[in-house]
Amino acid sequence: MRQIGCYCRMHNAQLRVQQRIIQEGIKNKIIYEGSDVHAYRMKFEKILEEINGFGSFQLLLIVLLCSSRIVLPCHYLLNIFITAVPPHRCDLSDLGDLGDAAETLTNLSDAQRLTVSVPKHKDGTFKSCEMFAERQFQLLSNISNISADVSTVQCHSGWVYDNSSFSSTLATEWDLVCDRKSLRNTTGTIFFLGVMVGSIVFGFLCDKYGRKKTLLVSYVISMVFSLASAFANSYVMFAVLRFLTGFGMTGIGINSLVLSIEWVDTDHRSFIGVIGSLSWSVGNMMLAGFAFLVNDWRTLVMVVTAPLGFAVLTWWWIPESARWLLANGKVETAQFYLDRCAKFNKRAKVNVETLCNKEDLETQDKNYTYLHLIKTPKIRKISVVIGIVWFGVAATYYGISLNIGGFGLNAYLTHFIYAAIEVPAKLMIYCLLDIIGRRKCQSGTLLLTGTCIAINILVPRDLWIIRSVVAILGKGLSEASFTTVFLYTSELYPTVVRQNGLGYANFVSRVGVSVAPLVLLLDDVWTPLPQIVLCCVAISSGLASLLLPETLKARLPQTIDDIEEEPGRNVADSSAVFLEPKSEEDG
């Protein structure tokens, strides 16, 4: 009887232990069958480990996506070449209003006619936007006879352009010079307005309808409206088409990055982020080559858009994100793509039915919007800080890029060198991302960028060699910060709102891009003021990035609860697949 009582007490104790373990298992989303522990919701990294998270399947995906990413810098920086202004002067061919002077002018050579009609700068070059109200024939005999109070007028018959470097640009076709010169930069502003709107729209669409479908929409919109802009017959039509092109280009940028990162394992995410960023540098260098070979702006627009035709054809081989499919309860479709990945990588197929639990089924039809980026405390903190960082990164990068002087070379070679400088910066950050982590890289590159700007504020202008070296170093560091922030942001946000997060971040960055040219105008108030502002922005955003959690070696979060419930996103907290019951030795 005593033995039976002892047995019952032991049995009841075991039941209580099992009950405690089961309750803990339910809390951590696992179930038990007999004495074995089974994952009720296997972590996606475990699946990638089984089918090879960085095999031939992933490498092919990177190649297919990079082919479209190369197009991005060609359009983002296209204004440098299509709005270029060659040397120009007033058109002097109209002699109808000159009366008796017209006959005299017809007997003069082109050089003499120019001398008596157009005033000169102090360096001896002819002015581009003015002409004498009356012809100054005395200049043919003695140039010193010109009086300081000779009246001039704006060009009234158009302009003559030097087409030796550019056969046709927006400026030459629609006379966007002199009092209309602001319209040249306006086309760039309009393009980036399209990018800003696209960031918001595509960020929402990608998380609601999937990465692959939205990527195709981005390809088609970008290609159709970009090619249409090459046939625009007015400035207004061109500006509208460039807005729509920028709108579509945003979808390519955020979709291609997220798709590639969501298909690779934890150890290779930094590699994917840097490779995607290197494709930007390659496209940037290719733009210089395209612009050098093609001097007509309409043909250049078509040339830099042509690769999107190849991207549309290869879209059929691009898989949907299995992470997104599972996060939205589309298990069968996720199984299809995972089986394809396993077959391509020559691995055994895995069953992903265990990736869905009751909570997933309850939330699979939930619509996630930008409001979810601020609804819960930790996501809200990430969104606020990441917005500050993106604004600082974009404003600093474009502020430096627009303010660095050339090397005394032609525009094509200068642009190529500026693009090539970014490559070693990206390789450096690739080596550091997996050593010191994302947060330190993000903060360090921004703080060092601010330091370089501060040094150039203090270095005298006559030490131009030192200033050039420091400026180039600052540009490389600012590009390294841009490379880091793309990868870092995609790792911080969970799958269900990752595209919303990137869309929001891209929107904030375009605000920074728009602000950068305005900051440079502050040199009219005080020459060092633009650099002081950029320095403060870089340092402030660098310090703000220290408030973000580290994501090195951490799994990509699937849901908002993964962010809110985890006390810390380190390897130990986030990589465990099974919950083992405590032994007696563990207490």
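Even glycines carry a Cβ here, placed using N, Cα and C.
What TrEMBL lists as domain 'Major facilitator superfamily (MFS) profile' is 135-553.
Positions annotated as region 'Disordered' by TrEMBL: 568-587.
For 51-72 (among others), the entry in TrEMBL reads transmembrane segment. Long-range neighbours of the transmembrane segment (51-72) within the same chain, counting only residues 6 or more positions beyond its ends whose Cβ lies under 8 Å from a Cβ of the stretch, are 45, 219, 222, 249, 252-253, 256-257, 259-260, 263-268, 271-272, 275-276, 279-280, 282-283, 286, 304-305, 307-308, 310-311, 314, 317-319, 338, 340-342, 344-350.
Taken from TrEMBL, the feature transmembrane segment covers 189-207 (among others).
Per TrEMBL, the feature transmembrane segment maps to 214-232 (among others). If you look at the transmembrane segment (214-232), the same-chain residues 6 or more away from its ends with a CB under 8 A from one of its CBs are 68, 71, 75, 202, 205-206, 238, 241-242, 244-245, 247-252, 255-256, 259, 298-299, 301-302, 305, 308-309, 311-312, 315, 318.
Summarising the annotation, TrEMBL assigns transmembrane segment to 238-259 (among others).
The feature transmembrane segment is assigned by TrEMBL to 271-294 (among others). Same-chain residues lying 6+ beyond the ends of the transmembrane segment (271-294) with a Cβ under 8 Å from its Cβ atoms: 54, 62, 65-66, 69-74, 77-78, 80-81, 256-257, 260-261, 264, 300, 303-304, 411-413, 415-416, 418-420, 422-423, 426-427, 429-430, 433, 482-484, 486-487, 490.
Beyond the transmembrane segment (300-318), the same-chain residues lying 6 or more positions past its ends with a Cβ under 8 Å from any Cβ of the stretch are 60-61, 64-65, 67-68, 70-71, 74-75, 78, 81-82, 212, 215-216, 219-220, 222-223, 226-227, 229-230, 252, 259, 287, 290-291, 294. According to TrEMBL, the feature transmembrane segment maps to 300-318 (among others).
The transmembrane segment annotation in TrEMBL covers 382-400 (among others).
The transmembrane segment annotation in TrEMBL covers 412-436 (among others). Beyond the transmembrane segment (412-436), the same-chain residues lying 6 or more positions past its ends with a Cβ under 8 Å from any Cβ of the stretch are 73, 77, 80, 267, 270-271, 273-274, 277-278, 280-281, 284-285, 287-289, 291-292, 401, 404, 406, 444-445, 472, 475-477, 479-480, 483-484, 487, 552.
Sequence annotations record features per position, and here TrEMBL assigns transmembrane segment to 443-459 (among others).
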